[in-house]
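In case it's useful when we look at the structure, here is the feature table from TrEMBL:
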TRANSMEM  21-43  transmembrane segment
BINDING   126, 175  Cu cation Z2 binding site
BINDING   253, 256, 264, 270, 317  Ca(2+) 2 binding site
BINDING   319, 374  Cu cation Z1 binding site
BINDING   486  Cu cation Z4 binding site
Ligand code: CUK
Ligand code: CUA
């Protein structure tokens with residue numbers, strides 16, 4: 001049995017166990033949460049499943065999806081977990097946004113993780129990508145950029161929560177983001193899109209565009225620190241890594257350094273910048289860098305003529321950058337040009353040793369249609385490119401496109417499928433890894449127009465699921481989504497192993513545990529109020545359906561920190577803490593500690609309650625804060 005099958009079987013077993021468990025809690029809790037599944041129901045379900053052959057998008061009620069999808073939430077600032085192929089939204093992970101359900105952005109833990117940007121409540125997430133080992137997803141982290149505030153965050157996949165966030169210095173608007181694929185994700189790579197003066201201190205000229213720069217950023221994935229940056233000519237848009245651990249490539253849509261639309265699209269050609277990782281690391285080691293803007297992040301000079309980079313001219317304003325899963329090609333998507341440019345990765349060594357010219361690395365430039373933005377791949381040598389203006393996906397064969405480029409009479413276009421409407425990114429199941437399996441394609445359409453019931457002037461977008469397992473692409477599902485899934489990635493469930501409970505030594509709340517220790521409080525047993533001047537720390541436990549403390553006293557104007565430790569060991573029994581009329585609420589997962597700090601600025605009795613449904617007596621899970629005037 002393969003590892004994938006083994007993990008899949010495990011999941012099915014766990015699923016059955018879970019049903020038993022829910023049957024029990026429903027009885028114990030006196031409130032009917034879910035009716036237990038009977039043996040007959042199981043049997044009839046299994047029959048229905050067997051009847052559906054091939055690549056079915058139908059996931060029966062109670063059955064589990066084959067894939068996890070990680071979706072960017074665009075300018076909602078979050079990341080969403082989808083189940084594929086059902087397209088059910090399984091979870092939301094707040095990242096750059098503030099989330100009232102979990103208290104992300106409000107709790108002390110989330111503020112510590114947000115660090116220097118704890119005061120920001122908005123974000124624009126574009127590119128969620130998972131860490132890899134040897135070009136395969138390893139289920140450890142998902143990284144995501146924030147274009148709006150130049151940040152990069154990391155999600156820990158064992159708990160599916162954001163655990164690190166950094167603001168990237170010397171740049172504005174972090175856009176394209178991917179990970180080093182091979183030998184493993186040592187680095188996260190991302191592009192600074194908007195060019196700015198170096199230094200950007202308001203003292204040097206802001207009009208003189210010749211001082212404007214855009215930087216490529218290389219971040220240590222474990223430490224979540226910028227290891228180095230590379231200054232380039234032009235701006236940067238999207239990026240990807242090779243399968244050899246040697247090169248990164250980024251598209252540039254404004255080599256002109258134009259400051260308005262007309263200027264930005266004036267040149268006939270822009271370029272792809274290729275970064276040589278070994279040379280960059282050597283330059284860093286040799287101290288060949290400068291620092292800017294008063295920080296100490298090393299900035300290497302990768303402008304034209306540098307041995308760290310090569311500039312490959314491509315038709316103007318390219319957008320997406322995608323590496324084929326066989327490791328052979330970088331594909332730069334034309335956007336304003338109806339073509340994509342195929343760069344042969346095995347020619348890059350020769351390019352860097354100046355044996356060939358930059359354009360010699362281009363092995364084909366197939367014409368696909370209007371507005372090619374992003375390309376995804378299957379495991380049969382085919383590529384799928386979104387055509388924004390044509391509202392289509394073009395399926396084409398990579399080797400045939402190269403043959404056609406070399407003068408052979410072959411038609412590389414396999415099919416064009418209408419999508420609804422104006423697709424941006426697309427993504428195939430595991431298609432950015434060696435495990436591309438050619439089963440599913442997602443088209444993230446920017447407009448839904450007439451596809452759903454009208455919901456006012458603002459309409460959802462449309463994430464379409466396409467079956468690519470056969471010779472023909474088949475559209476099988478429309479999924480309305482809220483602003484704006486730029487990008488997604490699809491990982492087989494066998495690669496994932498999320499925890500069922502928190503562990504008491506989790507680093508996310510370790511500083512809160514340390515604070516309690518300093519106060520002489522044992523979080524797992526104590527319910528105590530500690531006064532420290534006008535600061536009051538209220539430590540309480542929770543076990544369904546009660547808080548360990550049903551009342552506590554503070555003085556008007558005190559700064560109150562409430563620390564709740566959820567002692568429940570039962571899967572899925574999450575509690576919450578909400579202080580009425582104070583804008584204070586948070587999630588406290590099973591075996592987790594969460595804390596939140598606010599000012600007691602209202603005199604009198606203030607009720608607090610549990611806001612995550614946990615028990616038949618959930619409504620009764622509340623207590624009083626007495627605020628003495
Ligand atoms: S970008 Cu949005 S469609 Cu931010 Cu990857 Cu191309
Ligand atoms: Cu505890 Cu609801």
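In case you wondered, yes, glycine gets a Cβ from its N, Cα and C as well.
Automatic prediction, not curation, is the source of TrEMBL annotations.
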Could you list the residues of the same chain, at least six apart in sequence, whose Cβ is under 8 A from the Cβ of residue 319 (Cu cation Z1 binding site)?
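In sequence order, 237, 238, 251, 253, 333, 334, 335, 372, 373, 374 meet the Cβ cut-off.
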I'd like to verify something. Among the binding-site residues 126, 253, 256, 264, 270, 317, which ones have a C-beta closer than 6 angstroms to some atom of ligand 1?
126
Provide the number of Cβ atoms within 10 Å of the Cβ of the residue listed as 'Cu cation Z4 binding site', excluding the reference atom itself.
23
Roughly how many angstrom lie between the C-alpha atoms of residue 317 (Ca(2+) 2 binding site) and residue 175 (Cu cation Z2 binding site)?
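Distance between the two Cα atoms comes out at 15 Å.
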Could you tally the C-beta atoms, other than its own, that fall within 10 angstroms of the C-beta of residue 126 (Cu cation Z2 binding site)?
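Step by step: centre on the Cβ of residue 126 (Cu cation Z2 binding site), count other Cβ atoms within 10 Å, giving 25.
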Just give me the nearest neighbour of residue 270 (Ca(2+) 2 binding site) among the binding-site residues 126, 175, 486, Cα to Cα.
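Among 126, 175, 486, 175.
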Could you round the CA separation between residue 264 (Ca(2+) 2 binding site) and residue 126 (Cu cation Z2 binding site) to a whole angstrom and send it over?
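Just about 22 Å between their Cα atoms.
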Report, in whole Å, the straight Cα-to-Cα distance of residue 256 (Ca(2+) 2 binding site) from residue 126 (Cu cation Z2 binding site).
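For residue 126 (Cu cation Z2 binding site) versus residue 256 (Ca(2+) 2 binding site), the Cα atoms are 25 Å apart.
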Where among the binding-site residues 256, 270 do you find the Cβ with the fewest other Cβ atoms within 10 Å?
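Looking at the binding-site residues 256, 270, the Cβ with the fewest others within 10 Å is that of 256.
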Compute the mean position of the Cβ atoms of 253, 256, 264, 270, 317, which form the recorded Ca(2+) 2 site, and then list in sequence order the other residues of that chain whose Cβ is within 8 Å of it.
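Counting only non-site residues, the set is 234, 235, 252, 254, 255, 258, 265, 267, 316.
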Could you round the CA separation between residue 175 (Cu cation Z2 binding site) and residue 486 (Cu cation Z4 binding site) to a whole angstrom and send it over?
11
Hey, does DSSP put residue 175 (Cu cation Z2 binding site) in a helix, a strand, or just coil?
strand
